[in-house]
Amino acid sequence: MSAHGEEGAVLLFETKEAKGRTAFKLFSLTIFLGIVSIWGYRLICIPRTGRYAWIGMFISELMFGIYWIFTQSARWNVVFRHPFKHRLSLRYEDKLPRVDIFVCTADPILEPPSLVISTVLSVMSYNYPPEKLSVYLSDDGGSELTFYALLEASKFSKCWIPFCKKFNVEPRSPQAYFARNIDINHPEFAHEFCNIKTLYEDMKRRIDLAVEKGCISNDIKDQHKGFLEWNSKVTKKDHQSIVQIIIDGWNPNAVDVEGNKLPTLVYLSREKRPGWAHNFKAGSMNALIRVSSKITNAPIILNLDCDMYANDPDTIRDALCFFMDEEKGHQTSYVQYPQRYDNITKNDIYSNVAFAVNKIELAGIDGFGGTLYCGTGCFHRRESLCGNNYSKDHILELHNVKSNTKDKTVQKLEEECKPLANCNYEKDTQWGKEMGLVYGCPVEDIVTGLTIQCRGWKPVFYNPTKHAFLGIAPTTLDVALIQFKRWSEGLFQIFFSKYCPFIYGHGKINLGAQMGYCVYLLWAPISLPTMYYVVIPALGLLHNVPLFPEVSSLWFLPFAYVFAAKTIYSLVESLICGDTLKGWWNLQRMWIIRRTTSYLFAFIDTIIWQLGFSQTSFSITGKVVDDDVLKRYQHEIMEFGTSSIMFAIIATIAVLNLFCLGWGIKNVVFGTTLMDLEKFIPQMTISGLLVLLNLPVYQAFFRNDNGCLPSSIVFKSIFVASLACLMPIY
Ligand SMILES: O=c1ccn([C@@H]2O[C@H](COP(=O)(O)OP(=O)(O)O[C@H]3O[C@H](CO)[C@@H](O)[C@H](O)[C@H]3O)[C@@H](O)[C@H]2O)c(=O)[nH]1
Ligand SMILES: [Mn+2]
């Protein structure tokens, strides 16, 4: 070990393979054999009655099997990364590169300005030389409320940053920090704590009040020239570019209350005009890239959503290890952190965390060099994000990149930046195609990451034990499903586009990475076999059509083995990754619900989009809910409440399986022979499990809070399920 340690001392990060890979591969092979036997059985034993249903079962199992093979690629080659930030400090403390941080917001109602500035403040107070740090807020809402909040934050930062650094407080998002129980025993700390808390609460009150009123009073407007940009004609969808450098960090007077330098702070709202496609978050990121290049031009960019605050003040240094390692760092294009959330309850009722995805799958895809860019919590090398190919001979020294702030006044810089954020700037350029984030897809992040990899760069996935960023997860089923619909739709569009990893990535990225991408890109079509599996076996039970081998037959073995092995494996994997037993159970439910609603609609909409009948849209995930709803979320009670068509599907499936299981049990109890029971055990198991998973759905039929299933949905689902029962099975 000592010899190794010596050699390792030169590295700024190391990559370790996961343990037990061989055992996993053998295990995976046995499941594969089981799957192949199932396919074989379906082909060999086609029955006379229920022939079509049988073929449907075969097609479903074929799709499940192929999809399963893709998911194995994400587990085949799992690697874990470890940066050594103390080595970075020893070697490069005086050569640290400048870092530009981009925060995106889009709507002052769905994304309250007080939340947005908490994120901004958390990154302004990173443990990093402030003269090398710049924070840019892109406001697609074009709202003076957000601008006002940022102005308030810039003032508050003068107290907040020194307070954080003096007492080394964490987390550095004031909203998250003051929401915790903080031990204020030390008298000096207690005093300053109370002061800063009052300052924060006053500020928050002023901001929230302004948001409530929907406008800014004239005395406030007189305090900053920036408000002049908002005249009566400015609306969210129609306004000129607004660039306001709120703190010019290179100015010697930009200091906090203790006289330390402040990071640069810039407000940007790119031009919006009716008739111009603005390309959602990708468009705003590209405007940010250009505007920041005119001002601070840092070689490293951190990209965050407005709700993702920095939880660990040392994250920048960790990430830099991956860029500055002498041996491999020059090839690193981006460093992606997993999406973690601040508001997760114990058993994660909507399965927002995806424990196994974060800990195993993404690390497995990283093993093949295919780390996904997930849109937030990601450090980029500006060069690679701007469309450059990787080349060994041309390596930019990170600390030598120059900024453009010399000899220019703030006003002049602002004027120079505005055209860069104009609608027509990108016309006839490579922006959105070869440069910056790629346009035309609701998951701009994933496509962009793929194109960067195909240009020869090697991204890194890093999942530290202390979460680097914490965001806000959806707290209602509705919002969670809409988010998944946007994702699965965008992902499936990639599969159909010229960016399909098997074509676009052919010869450029590893086959394992291409397959790894497909684990996500194929979410939408996997809805079809799932839908089949939750409906047809149940109907078979009702109409006496057996669809599986008898329990005593040898053919039953592969079914039982594949089912048990996959289930136990996924349970163990979830538990190892930190989920609870109940959390895993909730995940199974969400897995069915997502596949039969979000993914299904995404599939349908993608086909419509493919035929050219619709345009890309982006529904922003809401980040606030009322107290009543929040309480139910905290008690892990599923929230329905509205009569969404997705809920109708969920309820119908639940009712149908309950009917059919009831019928099946009746048949067993009253009369039919033991022989028959044997034939139907697999189908009864499927319906039985679905009924168990759906217990919270049945409960929602009878609850009488505002989150229960509306009676219209209850009746609809019973009606549709009854109709389905009449459907004959061929
Ligand atoms: O026109 C837009 C729309 C959205 N956003 C911002 O994009 C971010 C993500 O939007 P959100 O509604 O929170 O979506 P999520 O589903 O939480 O976002 C995930 O998925 C998106 C792709 O679907 C990625 O862009 C995000 O980074 C990723 O966190 C937010 O900060 C928004 O303010 C914009 O800047 N402009
Ligand atoms: Mn979000």
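Each position is counted from 1, following the chain as shown.
Glycine is treated like the rest: Cβ placed from N, Cα and C.
According to TrEMBL:
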- Asp140: active site (ACT_SITE)
- Asp445: active site (ACT_SITE)
- Glu111, Asp140: UDP-alpha-D-glucose binding site (BINDING)
- Lys281, Asp305: Mn(2+) binding site (BINDING)
- 26-45: transmembrane segment (TRANSMEM)
- 52-70: transmembrane segment (TRANSMEM)
- 520-542: transmembrane segment (TRANSMEM)
- 554-572: transmembrane segment (TRANSMEM)
- 592-613: transmembrane segment (TRANSMEM)
- 640-665: transmembrane segment (TRANSMEM)
- 680-701: transmembrane segment (TRANSMEM)
- 713-729: transmembrane segment (TRANSMEM)
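Features as recorded by TrEMBL, highlighted on the structure.
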{"residue": "Glu111", "record": "UDP-alpha-D-glucose binding site", "contacts (Cβ under 8 Å, 6+ apart)": "Thr105, Gly141, Cys306, Asp307, Ile620, Lys623"}
{"residue": "Asp140", "record": "active site", "contacts (Cβ under 8 Å, 6+ apart)": "Cys104, Thr105, Ala106, Asp107, Ser269, Arg270, Lys272, His278, Phe280, Lys281, Ser284"}
{"residue": "Asp305", "record": "Mn(2+) binding site", "contacts (Cβ under 8 Å, 6+ apart)": "Val103, Cys104, Gly375, Thr376, Gly471"}
{"residue": "Asp445", "record": "active site", "contacts (Cβ under 8 Å, 6+ apart)": "Leu372, Tyr373, Cys374, Gly375, Thr376, Cys378, Leu437"}
Among Asp140, Lys281, Asp305, Asp445, the recorded positions whose C-beta sits under 6 Å from ligand 2: Asp305
For Asp140 (active site), the three-state class that DSSP assigns: coil
Top Cβ-contact partner of the transmembrane segment (592-613) among 554-572, 640-665, 680-701, 713-729 (pairs under 8 Å): 640-665
Neighbouring C-beta atoms (10 Å sphere around the C-beta of Lys281 (Mn(2+) binding site)): 23
Cβ contacts under 8 Å made by the transmembrane segment (640-665) with residues that lie 6+ beyond its boundaries: 476-478, 481, 534-535, 538-539, 541-542, 592-593, 596-598, 600-601, 629, 680, 683-684, 687-688, 690-691, 694, 697-698, 700-701, 706-710, 712-714, 716-718, 720-722, 724-725
Of 52-70, 520-542, 554-572, 713-729, whichever stretch has the most CB pairs under 8 A to the transmembrane segment (26-45): 554-572
Folded-back contacts onto the transmembrane segment (713-729), same chain, C-beta under 8 angstroms, at least six residues removed: 50, 52-53, 535-536, 539-540, 542-543, 545, 640, 643, 647-648, 651-652, 654-656, 659-660, 701
Secondary structure of Lys281 (Mn(2+) binding site) (DSSP, helix/strand/coil): helix
Non-local residues, at least 6 beyond the ends, that sit with Cβ under 8 Å of the transmembrane segment (52-70): 31-32, 35-36, 38-39, 42-43, 46, 515-516, 518-519, 522, 525-526, 528-529, 532-533, 536-537, 540, 545, 547, 566, 729-730
Asp305 (Mn(2+) binding site) - helix vs strand vs coil (DSSP): strand
